[in-house]
Every structure is written in C-alpha cells, then in structure tokens.
Amino acid sequence: MTDSPTLALAKDLISRQSVTPEDAGCQDLMIERLKALGFEIEVMVFEDTTNFWARRGTEAPLFAFAGHTDVVPAGPIEQWNTKPFEPTIIDGFLHGRGAADMKGSLASMVVAVEQFIAKHPDHTGSIGFLITSDEEGPFINGTVRVVEALMARGENIDMCIVGEPSSTEYVGDVVKNGRRGSITGDLTIKGTQGHVAYPHLANNPVHSSLLAINELATTEWDKGNDYFPPTSFQIPNVSAGTGASNVIPGEFNVQFNLRFSTELNNDIIVERITNTLDKYDFEYDLKWTFNGDPFLTDAGSLLDAIVDAVGHVNDVKPALLTTGGTSDGRFIARMKGQVVELGPVNATIHKVNECVKVADLEKLTDMYERTLVNLFAK
C-alpha cells in the first residue's frame, strides 16, 4: 500500500537523526515543499541552531504553524523494539524518535497547507512557518531569536498553532490554550565550615535556613484562576557538605522552581521571595533563571477555528487546558497574538519506542487544514 503524503513525509523526517541542536536536513525537506507553494523562505542560523521563517502572502492577519525539527537522544538503543531512526509501522503505529514530538506534527502541517492551497489558492490572510532545531536543547538560539528578528521589523504573528503533542488519549482531545510561566532560583546560603563536635566555632547554613525554606515551600502564592491551577513551588535539588560525617558544611545550595499562573509575574515572585529570605538571619546569594512568562488565549478567531476543526474530525469538542511544562509558545506569545498548541498523543514522547498512531496523523492533517479553511477560505 502506498503511504499517504503525511505518512511519507513523517517517515522521511524521522529517518534523519536530528538530535538537538542538529537539523540533519529536515528543514530542507520542508523548505522544498513550501517553496513549491509560493512561500518566501528566510533561513536564520544562529551559532549551532538552524531556523527558518516562511511566509505566503502579505495580507493580515498572519497565521503561522510553529514547531521544531530537533529531537531528544534515543537513549538506550537495546531497549527499543525498532531502530529509533528507521521509521517502522507496527500494529498501526509509526515508531521512531520524533514520531510524536514532533515530526508527525510537522508532516501534518505541511500536507495540510498543500491541500488547503490546492483548493484555495487565492485565500485571504497570510500563512507562515516558524521552525527551529533548538527546542529540546537550551532554547537560546531557536524560536526566541526568530521572534526577536520578526518583532524588530514589525512582522508580528497574529495567530499561531504550535504542533506540540497536546493530546492525551486520542488526537485532539486536548488543545493547550496557554501555559504556565516558569522561573528557577539557585540559592546559596553561606555559613562557616567546622567540626561537628565544635558547633560554636562554626555556622551551619542548613540549620540557619530551614525555617526560611519551609516558609517558601508552604506559602500559598495564589489561588489560581479559571484557566490555571495555583502556582507551584518545588525544590528539585539540594546539596551541602563534603561527604564526611564530622564536618559542618560551609554552604547550603537549594534550587527551586515555580510554575506560575497569570496571577503572578517574574517581578512579583522575585520580590516576595527576597522579602521572605531577608527576614532571616543568614547571608545568601540568589541567582535567577527566567524560563518564560505564562500565556493564555482564552478567546478569539483562532480558538474558534480550532475547536470547530477538532469537533468536525472527532465529533467531540476538545478540552482547553493549560497543564504541562513550557513550550516555544511562550516566545511567540510575546507578539501579543493568539497562541494554541495542537498535536498528537503525548504518551510516548521522550521515551524508548516513541510512536504515534498512523490514523492520528491523518486526522491531525485534517484538523490543521480545516482550521485554515475556517480562517482564510474565500
């Protein structure tokens, strides 16, 4: 049986070992297809990262698909049932690294646009693609750099679908219409190293800071809202001491992360945490990493178009959720447009034997195409 256009492209993309930040020629495949449709292509290479921006049309509004060609490492090869970069179909599922995250989505995007333009060559508005090879890595030279370049010249995306695997049980059951913000603090409490038998000659930073750490961990940061759960404060890493049982440590390192709703922002969090720490009698250093602001698309033409498209294909409307980690949608949201995420089932992403249901790729293609029809068909 001949592969469908979506399946054939997905296989071609998966076969390329684009472990972050490598692209391995994936973007060239997409660019070739988009050029044939009349897209203007702008390749943007920043250090080790390959990106491209493609646009068809000059009219407003500007709708864009966004995604990434890089994948996480395959992990232990011996635990895979197939070779991770040799796309294989087993029992109706396409197996391979990136099948769900997110080469299947990329294939669906391209084919959906091909089908839409074939039927509506004189569509209204403009269609774009923002593709990077730096989403699974440090996200320094990827989407954020392209967004900065576009904003600098006043080219803002009005509506965007990010192809992240948003679904849980079946494709389209969940559409992510927002994401929480993320901020990380690396806290170092200073003390004085000494012998445990002579605590009066030392200053144990673990002891001196426990009450402050407990206060931060038990603080109610907000109550959340209709779209977001309450802000979460978690401590993923702590370290102190030399490993010897008779040495009081000289420093205590605590790393914490907050996933926060639209009720807060970076400045408020920094102020509240600093005020809490300053109440206690210890010396500390605190370094911040701002991973991204929360964003929300609670209404608008894009959300209406997607909900209709998913309902048309599945006969069931999707749930609108903001759960999960961060995505490149947080950078695109800086343009103040509508940003949502719609992609395959995420049950196997980043795992060995990553796979996606072949039928889901066809459904996703139909959802993307109908979204375009709802937005731009004359």
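FYI, residue positions are counted from 1 along the chain as it appears here.
Including glycine, each Cβ sits where the backbone N, Cα and C put it.
These come from Swiss-Prot:
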type     : residues               : note
BINDING  : HIS68, ASP101, GLU164  : Zn(2+) 1 binding site
ACT_SITE : ASP70                  : active site
BINDING  : ASP101, GLU136, HIS350 : Zn(2+) 2 binding site
ACT_SITE : GLU135                 : active site, proton acceptor
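Note: the Cα of ASP101 (Zn(2+) 1 binding site) and the Cα of HIS350 (Zn(2+) 2 binding site) are spaced 8 Å from each other. All protein chains included, GLU136 (Zn(2+) 2 binding site) registers 22 other Cβ atoms within 10 Å of its own Cβ.
Around HIS350 (Zn(2+) 2 binding site), the same-chain residues at least 6 positions away in sequence with a Cβ under 8 Å from its Cβ are VAL72, ASP101. Here the Cβ of GLU135 (active site, proton acceptor) has 25 other Cβ atoms within 10 Å, regardless of which shown protein chain they belong to. Neighbouring residues of the recorded Zn(2+) 2 site, listed in sequence order and excluding ASP101, GLU136, HIS350, comprise VAL71, VAL72, GLY98, MET102, ILE349 (Cβ within 8 Å of the Cβ centroid). Counting every protein chain shown, 25 other Cβ atoms lie within 10 Å of the Cβ of ASP70 (active site). Taken residue by residue with DSSP, ASP101 (Zn(2+) 1 binding site) is part of a helix. One way to see the shell of the Zn(2+) 1 site is to take the Cβ centroid of HIS68, ASP101, GLU164; the remaining same-chain residues with a Cβ within 8 Å of it are GLY67, MET102, SER105, GLU135, GLU136, VAL162, GLY163, PRO165, SER327, GLY343, ILE349. Distance noted between the C-alpha atoms of the residue listed as 'active site, proton acceptor' and HIS68 (Zn(2+) 1 binding site) is 6 Å.
Rounded to a whole value, the Cα-Cα separation of HIS68 (Zn(2+) 1 binding site) and GLU136 (Zn(2+) 2 binding site) is 8 Å. Around the Cβ of GLU164 (Zn(2+) 1 binding site), the same chain contributes GLY67, ASP101, MET102, SER105, LYS176, SER327, GLY329, GLU341, GLY343, each under 8 angstroms and 6 or more positions distant in sequence. In this structure, ASP101 is the one among the binding-site residues HIS68, ASP101 with the smallest number of other Cβ atoms inside 10 Å of its Cβ.
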